[in-house]
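Undergrad: Structure incoming, see below.
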Amino acid sequence: STMRKRKTADSPHSSTGLSEGKEKLRLKQEVGLISGVSLIAGTMIGSGIFMSPEWVLHHMGSPASSLLIWAACGLLAMFGALSYAELGTVIKESGGEYIYILRIFGPFPAFLFAYTSVILVRPAGLAAVCLSFAEYAVAPFYPGCSSPQVVIKCTAAACILLLTIINCLNVRLATSIMNIFTAAKLLALLVIVVGGVVLLAKGQTQSFQNAFQNTTAGIGAVGVAFYQGLWSYDGWNNLNYVTEELKKPEVTLPRAVMIAIPLVTCLYLLVNVSYLAAMTPSEVLSSGAVAVTWGDKVLGSWAWLISLSVALSTFGSSNGTFFSGGRVCYIAAREGHMPDILSMAHVRCLTPSPALLFTSAMSLIMIISGSFTSIVNFFSFIAWFFYGMTISGLLYLKIKKPELPRSYKVPIIIPIIVLMAAVYLVLAPIIDQPQIEILYIVLFIFSGVVLYFPLVRFKCHPRFLQRLTLHLQLFLEVAPTTRDAN
């Protein structure tokens, strides 16, 4: 059977580190429906809607075609999330794509995903969101000129360190912050939507006349436009990373998806219409920060509210990305694909603090070396490669294992559409506009082969690592955990 048997026992290393007679350590189930909706919507609404519209318009060439891309991205995110909801009710474990690839295809492809995700994808996504947070947060202090890069990068680093402290202290604190910031960013987007409705009512519709003029038709340009749009929807799969921390996952997971993603899609379309009502396409293209330019034009002396809202929005999104990203590292370590120390939880706070600290360190390295747009394009390329692999796993289960119990079923046509879109998004930019950086990414993914066989397959672990793990365990006050008994 290709479907790997789930282990019902504890992880191999979970019998050590806790004294006999004490209850085994596990993460708490503290994420309910409201927190689940906040985690999805709060992570999705981050920097993208405030920074990507100009890039989608740049690649598509016309307002109407850019709006079509935004709508298509929302539909694709919805289809992907519904497919993942079924996977989450069949395989009720945290870890998202990693755990699904592991249980369906086995340890080798799962290790490649974990290696790429933990070292590159998740830290890059977090770094990109924190850089955009920093850009908007420091902008008011440098009126009339661009902010120094060193100030932006230091602010982004401070943001990551603050998020590390919050997420290491308490799961409930992290989810409460998510809920508050999600409410704040929804309010900010509603202000932009209402402003757009007022402008349209006053007859400012110039951008929508001959709206398809100058539309780009190249498959590569459309693929890159999709990357920029889908970056704004990234986070649609975040609830699958924390399945073991959900209250009633078989109910909460599908419901949260069905509430959060249509809400975000409608808001994104209305916000884009509002931008185009306030500005001509050429003004949108020349704007460094489209939301701030909109604020200057529509709100006048109250324009500072937009900068504040964007900073709050991106901070909340960073928190959601960090919350779920640390779980991938934690689950991969629990399965023996990362060092043991990363699979442990704090004995009092019950948070996977070593995994969170590692994610934080990798993100700080990304901030030092990367820029926003390059991070987005390469992040999207890798992400959609593994989304495609995960969706093909769902199709395998639907065709070959229909007898598996599942409380929610998605029509088979939906994962087929998502798989076709994933193949297109991976291949189109390579065929149309090949870039040497994509080759580097592919080489990086397969460099995991060199590590997999000695360290995972044959378990050749240097003895000093065991001593180091013990010292770190004492220093960080962490202990091994049990897997959820679902």
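Using N, Cα and C of the backbone, Cβ positions are placed for all residues, glycine too.
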Undergrad: Choose the correct range: of 31-52, 119-140, which one does TrEMBL annotate as transmembrane segment? Give that range.
TA: 31-52
Undergrad: Go through 97-118, 256-278, 354-372, 409-431 and flag the stretch with the largest number of C-beta pairs under 8 Å relative to the transmembrane segment (64-85).
TA: 256-278
Undergrad: Among 31-52, 97-118, 180-201, 354-372, which stretch has the most Cβ pairs under 8 Å to the transmembrane segment (378-397)?
TA: 97-118
Undergrad: May I ask you to check whether the transmembrane segment (256-278) and the transmembrane segment (354-372) make contact, with contact taken as at least three Cβ pairs under 8 Å and only pairs 6 or more apart in sequence counted?
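TA: With fewer than 3 qualifying Cβ pairs, these stretches do not touch.
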Undergrad: Below 8 angstroms Cβ to Cβ, which residues of this chain, lying six or more residues outside the transmembrane segment (298-317), approach it?
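TA: Distal contacts: 42-47, 50, 129-130, 132-133, 136-137, 139-140, 159, 177-178, 180-182, 184-185, 187-188, 191-192, 195, 199, 235, 278, 289, 291-292.
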